[in-house]
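Feature list (source: Swiss-Prot):
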{"type": "ACT_SITE", "residues": "D183", "note": "active site, proton acceptor"}
{"type": "BINDING", "residues": "Q58, Q89, D113, E133, D164, G165, D183", "note": "S-adenosyl 3-(methylsulfanyl)propylamine binding site"}
{"type": "BINDING", "residues": "Y88, D183, S184, S185, D186, Y252", "note": "putrescine binding site"}
{"type": "DOMAIN", "residues": "27-264", "note": "domain 'PABS'"}
Amino acid sequence: MEVANHNNNNNGCTNDKESPCISSVLPGWFSEISPLWPGEAHSLKVEKILFQGKSDYQDVMVFQSTTYGKVLVLDGVIQLTERDECAYQEMITHLPLCSIPNPKKVLVIGGGDGGVLREVSRHSSVEQIDICEIDKMVVEVAKQFFPDVAVGYEDPRVNLHIGDGVAFLKNVPAGTYDAVIVDSSDPIGPAQELFEKPFFETIARALRPGGVVSTQAESIWLHMHIIEEIVANCREIFKGSVNYAWTTVPTYPSGMIGFMLCSTEGPAVDFKNPINPIDDESHGQTIGPLKFYNSEIHQASFCLPSFAKRVIETKGK
């Protein structure tokens, strides 16, 4: 798929039948269109397209929006904006890390923009932060256009591995990590494997007893069929605790995104009641204070509407 210039009336689609039409840049506007949310689209007014490129894996675009600052788009789908990225990055990171005492070794799968790294670095107990991102272009673009997000790469505890996250995990010795955070895009294209049962089995093997995983888990308004499958797989694989939490992100489809929070068999993990507060003051001057996460919103994120609660609490039991 080639993303059209916003001064062109092309709708952003190619003629290749194998390449789905998943976005368009019409005069002055970017519209996010995807088969994952049929019948609806979210649009942002474009001031200027800052970058367009095609990596070995996906189309990459950055544009300056009128209301949400700079926007990172992969294969036509918004990944982050300067205005609301905090709601996603802080929650996917601190929900797991604030639920266990003194995490020391953390692995991030995906997350090439560096935002999760930034948030992991707030935890002073952490000694090693590994990240495996498949697309080098995402890392380079983030460092160039989103320095306040990519600041996470400046932490000396960070070890960057460019490659496939599934293959990386298979080579990790069993019980290596206290926490694994899977910051994936939607389950199409290069991220599809990150939503499948064998991947979760590999994560469980890489975690210590009582270790935790946090993974992007779609929207309860749009993807309950995907969430059902994820929950069923996680209940089968993770013998500790399995929970679904969510947060609001205005520029994500339906305005929200969910997370699976799971732990391996071992020391009990109560995700709903954080026990490991962040020493935010010690990092505030370097990466800025928290904008979204706090202990109250941590606990509230596990409260589900009735229709989702019925499905999630019964699936796999």
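Yeah, the Cβs are placed from backbone N, Cα and C, and that goes for glycine too.
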Length of the line joining the Cα atoms of Y88 (putrescine binding site) and D183 (active site, proton acceptor), in Å: 10
Cα separation, the residue listed as 'active site, proton acceptor' to E133 (S-adenosyl 3-(methylsulfanyl)propylamine binding site) (Å, whole number): 10
Listed binding-site residues (Q58, Q89), ranked by Cβ neighbours within 10 Å, top entry: Q89
Candidate nearest Q58 (S-adenosyl 3-(methylsulfanyl)propylamine binding site) in space, where candidates are the recorded positions D183, S184, Y252 and distance is Cα-Cα: S184
Annotated S-adenosyl 3-(methylsulfanyl)propylamine contacts Q58, Q89, D113, E133, D164, G165, D183, maximal Cα-Cα distance (Å, integer): 22
Candidate nearest Q89 (S-adenosyl 3-(methylsulfanyl)propylamine binding site) in space, where candidates are the recorded positions D183, S184, Y252 and distance is Cα-Cα: D183
Residues that sit under 8 angstroms from the residue listed as 'active site, proton acceptor' by C-beta distance, when 6+ apart in the chain: I92, V108, I109, G110, G111, G115, V116, Q216
Rounded Cα-Cα span from D113 (S-adenosyl 3-(methylsulfanyl)propylamine binding site) to Y252 (putrescine binding site), Å: 16
Inter-residue Cα distance where the pair is S184 (putrescine binding site) and D113 (S-adenosyl 3-(methylsulfanyl)propylamine binding site), in Å: 11
D164 (S-adenosyl 3-(methylsulfanyl)propylamine binding site) and S184 (putrescine binding site), distance between Cα atoms, whole Å: 12
For G165 (S-adenosyl 3-(methylsulfanyl)propylamine binding site), the number of other Cβ atoms found within 10 Å of its own Cβ: 28
Site with most surrounding Cβ atoms, counting all protein chains shown within 10 Å, from the binding-site residues D113, E133, D164: D113
Whole-number mean of pLDDT values that fall within the domain 'PABS' (27-264): 94
